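Presented below is the structure to which this report refers.
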Amino acid sequence: MMIEVLKSKIHCARVTEANLNYMGSITIDENLLDAANMIAGEKVYIADNNNGERFETYIIKGERGSGKICLNGAAARKVQPDDIVIIMSYALMDFEEAKSFKPTVIFPDPATNSVVK
């Protein structure tokens, strides 16, 4: 049996922009993507800690080292700059494999969205 489990999580990143006039997605600093084991085009689930919104979109790679977390298109209506969001991706895997699987979870610096070691 296959089940869906948490694969990666960027916990408590700060939204830097909301761009309504860009075709959908979330732009994420490439350093954060690497640290969280996420890739461009990957489907993500986003929870906004400030307003309780939850929604899905896909990733666009942002400039490395920029700290950028930008919600684009319709998703821009769901957040405000400086909101704190949790960005999660999931993977399908065999039930037995899932029992021992450990997701990648990162906690970026809340002021800069830089990767904290």
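Even glycines carry a Cβ here, placed using N, Cα and C.
Per Swiss-Prot, the features are:
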- Ser25: active site, schiff-base intermediate with substrate (ACT_SITE)
- Tyr58: active site, proton donor (ACT_SITE)
- Thr57, Gly73, Ala74, Ala75: substrate binding site (BINDING)
- Ser25: pyruvic acid (Ser) (MOD_RES)
Cβ-centroid neighbourhood (8 Å) of the substrate site, Thr57, Gly73, Ala74, Ala75 excluded: Gly24, Ser25, Ile26, Phe55, Leu71, Asn72, Ala76, Arg77, Lys78
Would you count the other C-beta atoms found within 10 angstroms of the C-beta of Gly73 (substrate binding site) for me? 16
Return one of helix, strand or coil for the residue listed as 'active site, proton donor', based on DSSP. strand
In whole Å, the longest Cα-Cα distance within the recorded substrate binders Thr57, Gly73, Ala74, Ala75 is 10
Should Ser25 (active site, schiff-base intermediate with substrate) be counted as helix, strand, or coil on the basis of DSSP? strand
